[in-house]
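S.K.: Below is a structure I'd like to ask you about.
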Amino acid sequence: MEDSNSHPQNQTSKRKSSHPQKKQRMENETRSAKLLDLDVLDCPVCFEPLTIPTFQCDDGHIVCNFCFAKVSNKCPGPGCDLPIGNKRCFAMERVLESAFVPCQNTEFGCTKSVSYEKVSSHEKECNYSQCSCPNLECNYTGSYNIIYGHFMRRHLYNSTIVSSKWGYSTVDVLINIKEKVSVLWESRQKLLFVVQCFKERHGVYVTVRRIAPPASEFKKFSYRLSYSIDGHNVTYESPEVKRLLEVNSQIPDDSFMFVPNCLLHGFLIKPANEVQQVTIAQETVMEDPPTSLFKNSVPIREDQIQNAITNSIR
């Protein structure tokens, strides 16, 4: 007698009947796998993490969305001359959506895991991103609140010294425009602001930045720059002080005051005449009426430095 279980037709029916169960199991379970080499998820052109949408040529060479606009419809793959049009690589996009990796700031306290395609955007906004010391000759890095304590201990004598009081909402300081980097600090909230002057062929660019991660939950500040000489005035106002993780020498693309050469006394700027005023205001309303948070910067004696350090890092 022929075993009914061995009949090919019955076997086919049995396999088909198991498919709904398998589908149900996959819907009810979260399956995971370990990817040993994350480099396979990087764009072969810019070597940055692939982002959605991802495009491919007919041979399967892929390119990220940003590089796609730069390759002029030509596949960047080695030895490949096929056109790369609007053909999406949905298989890779699905991998990017499902591949979660921990933030690189895990060791500093971040507990978030994000999809691989969003790693770059998350780490730019992560509260635990590491900041660099605003002193250009120092390589120290740490969280933004640690950087404040480091700066006050190591570099206070190099900064623009300004006084501060709790409950006030604005800061007014005078800074010589010939200084490339001036650091303003406020002890109660442990804030570091950097005023930079970039001398270029046609004049000087002046910016104000705050040492802090660019996360939205940090308090916002507005600012006003003004420059006066021989009756001529240049002013610039911005509703928000941009945040940065590291001071650099790159000429700003936006949010700056420009002082043309016609208002400068040549390359060597006269300290007595060419002074700019910086006003920084906090967006949050304080309980006390807004007055000057910082007084105009004044020379500080050596015996005052240690007291200032002690009070500021308590």
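Every residue, even glycine, has its Cβ placed from backbone N, Cα and C.
Taken from Swiss-Prot, the feature compositional bias 'Polar residues' covers 1-12. Look at Swiss-Prot and you will find 1-31 tagged as region 'Disordered'. For 13-23, the entry in Swiss-Prot reads compositional bias 'Basic residues'. Among the features that Swiss-Prot reports, zinc finger is placed at 43-81, 98-156. According to Swiss-Prot, the region 'SBD' annotation covers 95-280. Sequence annotations record features per position, and here Swiss-Prot assigns Zn(2+) 1 binding site to Cys103, Cys110, His122, Cys126. The Zn(2+) 2 binding site annotation in Swiss-Prot covers Cys133, Cys138, His150, His155.
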S.K.: Going by Cα-Cα distance, which of the binding-site residues (Cys138, His150, His155) sits nearest to Cys126 (Zn(2+) 1 binding site)?
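M.R.: Minimum Cα distance from Cys126 (Zn(2+) 1 binding site) across Cys138, His150, His155 lands on His150.
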S.K.: With Cβ-Cβ distances below 8 Å as the criterion, list the same-chain residues six or more beyond the ends of the zinc finger (43-81) that contact it, or say none.
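M.R.: Sequence-remote neighbours of the zinc finger (43-81) are 87-89, 92-93, 96-97, 116-117, 119-120.
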S.K.: From the Cα of His155 (Zn(2+) 2 binding site) across to the Cα of Cys103 (Zn(2+) 1 binding site), what is the distance in angstrom?
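M.R.: A Cα-Cα distance of 31 Å.
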S.K.: With an 8 Å cut-off on Cβ distance to the Cys103, Cys110, His122, Cys126 Cβ center, who else from the chain surrounds the Zn(2+) 1 site?
M.R.: Gln104, Asn105, Thr106, Lys112, Val114, Glu123, Glu125, Asn127, Tyr128, Ser129
S.K.: Could you measure between Cys110 (Zn(2+) 1 binding site) and Cys133 (Zn(2+) 2 binding site) for me? Cα positions, answer in whole angstrom.
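M.R.: Distance between the two Cα atoms comes out at 21 Å.
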S.K.: Out of Cys103, Cys110, Cys138, which of the binding-site residues is least crowded by other Cβ atoms within 10 Å?
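M.R.: Ranked by other Cβ atoms within 10 Å, the binding-site residues Cys103, Cys110, Cys138 bottom out at Cys138.
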S.K.: Pop the mean pLDDT for the region 'SBD' (95-280) in here, whole number is fine.
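M.R.: In the predicted model, the region 'SBD' (95-280) has a mean pLDDT of 78.
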S.K.: Among the binding-site residues listed here (Cys133, Cys138, His150, His155), which has the Cα closest to the Cα of His122 (Zn(2+) 1 binding site)?
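M.R.: Smallest Cα separation from His122 (Zn(2+) 1 binding site) among Cys133, Cys138, His150, His155: Cys133.
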